[in-house]
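So that you can see what the record holds, here are the features copied from Swiss-Prot:
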BINDING   Y19, I20, D39, R44, T91, T130, R326  NAD(+) binding site
BINDING   R155, V156, K207, N211, R214, H245, R247, G258, Y318, K319, K404  UDP-N-acetyl-alpha-D-mannosaminouronate binding site
ACT_SITE  K207  active site, proton donor/acceptor
ACT_SITE  C261  active site, nucleophile
Amino acid sequence: MEKHGNYNINKICVIGLGYIGLPTASMLANHGYEVVGVDVNEKRVNQIKNGELKIEEPGLLTLVKGAINSKNLNVQTSATEADAFIICVPTPALENEDGSKKCDLTYVMGAVQNIIPFLKEGNLIVIESTIPPEITKKIYETIDKKIYVAHCPERVLPGKILKELVENDRIIGGINKKSAEMAKEIYKSFVEGKIYITDSNTAEMVKLMENTYRDINIALANEFAKICDEIGVNVWDAIKIANKHPRVNILNPGPGVGGHCISIDPWFIVEKTNNAKFIRAARELNDNMPAYVCKSVLSELKKHGIKKPKISVFGATYKGNVEDTRESPSKNVIEMLLKNGVTVSTFDPHATCFEYPLSTLDECISGSDCIVVLTDHDAFKNIKKDDIDEICPKLKNKIVFDTKNILEHNLWKRAGFTVKLLGNGAW
């Protein structure tokens, strides 16, 4: 194995082989490092060994197979000795009694404990998992060995992970300068974007700021949508025109915010301080959008005198063209509809695992009173006249509620549908 850089880091142990860990481990292996990928899920490890991925990500299977075939990547269920350890495990949110949330560090601290027996003096630990400020230092303080620790938060978008792993800028924060420089040595092997060096607290805060900014922007759009519903304005048209201003960039409204980052990360700031009232308000507004959508749909059904309705939900994933359902607003919308006595059937062309049963398209629309679009999959955007003509005979009533503004509304109207759009009070 060739020597990499100035710090004799040749063998890397990556803990966690999910959406971030597996691509990172494979990327490093394909760039000459000896990599051991570790995951406590034995089934996942065996699937990776057999070239069977449950992660729907363009190019990932080819990358993983190349890494394994090169003999640079081995996957197993337990940690091992290495020169550097990269932790890529989930940091979900735990709900507090007051409805706020805080970071669940169970998986991160568990990963740290699992690698401690294998640590040698001079080793490096890199935390990629998103964590609250001051946690990297806390991890360093729990280890009674002379090692180096850095935080290099992941910054990739599902569906574009491999492209963004290479092209995106990265931030690396060390508990000291050498920790950051050692981590930079690893990442510059495949990162073509700029790598910014700072302290660990700043790196932690930067990642949280990035996603909090987007969450607040979406909350603003969602509040505009509610206002426009009330005063008779199409929020989508208004946002489009407002964004013509060179210093305005309002994001789109929707049924809520999901995924493993934007819907969770702002809470990691809120838990650290009482000065995050604006951040908390935005988070709560976005969390309440599923209830607003549910109320709007039920109101429309009531106008049509529909009792004991069946609703077809289009979309279970948290965003378009991915199979990831984590923190998806669809789950909350469905839960609220069910509590109101509605029969719900869900169709998603990408999702394979969801909290509620997934149906085929025909099963989903059969006898339905209303179609509610919650995810902006291309499969839904590309519904054409012939598709609508096939759908119509299977429905009981023709109502469609578009929360993402992706349908060709005129096509549906010409087919006899009542079309409702989130945030369009002009209709």
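Backbone N, Cα and C atoms are what each Cβ position is placed from, and that goes for glycine too.
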(message) Cα-Cα, whole number of Å: Y318 (UDP-N-acetyl-alpha-D-mannosaminouronate binding site) versus D39 (NAD(+) binding site)?
(response) 25
(request) With a 10 Å radius around each C-beta, find which of these binding-site residues (T91, T130) has the fewest other C-beta atoms nearby. (result) T91
(request) Taking the Cβ of R247 (UDP-N-acetyl-alpha-D-mannosaminouronate binding site) as the centre, count every other Cβ atom within 10 Å, in any protein chain shown. (result) 4
(request) Report the same-chain neighbours of C261 (active site, nucleophile): residues 6+ apart in sequence with Cβ closer than 8 Å to its Cβ, ordered by sequence. (result) T130, N211
(request) Please find, for R155, V156, K207, N211, R214, H245, R247, G258, Y318, K319, K404 as listed binding UDP-N-acetyl-alpha-D-mannosaminouronate, the greatest distance between any two Cα atoms, in Å. (result) 29
(request) Using K404 (UDP-N-acetyl-alpha-D-mannosaminouronate binding site) as the reference point, find which of the binding-site residues Y19, I20, R44, T91, R326 has the shortest Cα-to-Cα distance to it. (result) R326
(request) Could you check the binding-site residues Y19, Y318 and say which one's CB has the most other CB atoms within 10 Å? (result) Y318
